[in-house]
Every structure is written in structure tokens, then in C-alpha cells.
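Enquirer: This is the structure I want to talk about, given as C-alpha cells.
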Amino acid sequence: MKKVTINDLFMMKNREKIVMITAYDALFARLFDDYVDMILVGDSLNMSFGGKNETIGLSVDDMIYHTKAVQNGAKKAFLVVDMPFGSACTPQIALKNAIKIYKKTGCDAVKIEGTKEMADTIKLLSQNGIIVMSHIGLKPQMSRFEGGYKIKGKDELSAKSILEDAIVLESAGASLFLLEGIVSSVASEISQKLKVPTIGIGSGASCDGQVLVWSDAFGFFDEFKPKFVKRYLEGATLIKNSLKEYADEVKNSKFPSSQYEYTK
């Protein structure tokens, strides 16, 4: 099975939609690998995997551990790793951490949240051979600072600012973009103006591809569902029903039956 490369993704822009999903371990990465073009080891793991209410709190070593696990399961998909909160606060710190992630995980790219102020950081990383996905629009790592998760591009000033971010960061060397929580018309304009692929989450259908957090898409997190999430499976219900059946069989001495026992 051919490994997806950055050149493959460039070729897909305006030709074929790019499919991306999150993964945090080898088991699910292996399941997803045949059906997606890209896998994101996102800091969303702090929420869906760690049970927190925000992405802040992860370390570079946390991301490395989970990326290694995903790498063990996914052999085809283009693998992107989030730079966690605080790991890219200066260009030199970002370079040091990105090199560490690159060397220890074998990932294909790192993702950095930020506006045009991150241009120097992205330029330095790309000059050192590191592929960068720039994350613009709604930036979860800024949720405390902004007082929550707020959709971007609703007014002319906001829309103009996001478009400027995209153009500046592409010029700095960003090879990919993640557009999150952006009004669809604005995301469409960004995708048309950029030469590199855009992956959307909550940013409409005009992006070059889409990404979802796997536990959202498959219904394993049933406490809250954002507007942009389509559930393709009611996973939590299936697991609960299966677990109830297992528990009932154990309580009533129906499992294990002789079929599942070793004999002389």
C-alpha cells in the first residue's frame, strides 16, 4: 500500500477531496488507515482521550507517545502531529520541539495554531525541512484567552484578518492549512486563494478536505455534539449494550461457557 506524501496531497487539491480523521492509538489508526488520506494526532486527545474540557495541558512527550502508537498502526496515511500549547512560543523553541517530534515519531508534518504572527516560526521550520500545517480560524488553544470557542469570519474585519493570516502563512512556508470554525463563505475564499490544500472542520464544504475527531464522528462522546459534527455511528450505545450483555452473562455464570475453556 503506497504511503501518502505531501506531493500526493498537493495533487489532490481541486481534484479530489482529502479525508482526514484523528487517532491517538495503534488500534484505531490501523482501522482508519485504509479509508483516509491523513491522520491527525491532535491535542484534542486531551478532551476525547483524557476527559478534560480543553486541549491545553499536554506536553511534547505526550504527543510523541501517542504519535508513536499511531505510527505503529497506520502505514499509509499522511501523519500530522499537533504542537501542544506552549511548545511553539518562539521560533527557536518551536524548531527544537518540532525536530524532537520529527525524529522520535517519524511523522510527516506538525500542526501549529496561530495567526500571521507565527510567520517567522513557520519559515524557520520549513527552512529546516519540517512540513508545517497551519491552523487558523478558531484556535482551541486560545479558548481560555478568548473566553470559549467562537466562530470566526462573521464580520468583514474578522474575515479580512483570517484571509490575511492565510496568505502570510502560506508565503512563510506553510504546506497545509486546517481551517476551523470559519464561516463557510470565508473558508471558501481562503481555499480558492491558497495554492496549498486546506482541510476544514466546521468550515463548510468548499475546503479541499475535511477532518473530524473520531469519537465525535462515531458517537463515542455522547454528552455534546457540535453543529458541524455528523454522527456516522452511535458508538456509545453499541458499547453500552454490548457491555451490559457481557456483564449479565458473567453475573449469571453464562460466560465463559465450555466453548471458551481450555481442556486436557
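From the backbone N, Cα and C atoms, a Cβ is placed for every residue, glycine too.
These numbers come from a predicted model, not from an experiment.
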Enquirer: Among LYS17, LYS103, LYS104, LYS111, which residue does Swiss-Prot annotate as binding 3-methyl-2-oxobutanoate at the site that also has ASP43, SER44, ASP82?
Expert: LYS111
Enquirer: Among the recorded positions ASP82, GLU113, GLU180, whose Cα is within 10 A of the Cα of SER44 (3-methyl-2-oxobutanoate binding site)?
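Expert: Passing the 10 Å Cα cut: ASP82.
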Enquirer: Excluding ASP43, ASP82, GLU113, please set out which residues of the same chain place their CB within 8 Å of the center of the CB atoms of the Mg(2+) site, keeping sequence order.
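Expert: For the Mg(2+) site, the extra neighbours are GLY42, SER44, THR55, MET83, PRO84, PHE85, LYS111, ILE112, HIS135, PRO140, GLN141.
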Enquirer: Taking the residues ASP43, SER44, ASP82, LYS111, which the record names as binding 3-methyl-2-oxobutanoate, find the longest CA to CA distance and state it in Å to the nearest whole number.
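Expert: Taking every pair among ASP43, SER44, ASP82, LYS111, the longest Cα gap is 12 Å.
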Enquirer: Might you list, by sequence position, any residue in that chain lying six or more from ASP43 (Mg(2+) binding site) with a Cβ less than 8 Å away from its Cβ?
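Expert: Result: THR55, LEU58, MET63, ASP82, PRO84, PHE85, PRO140, GLN141.
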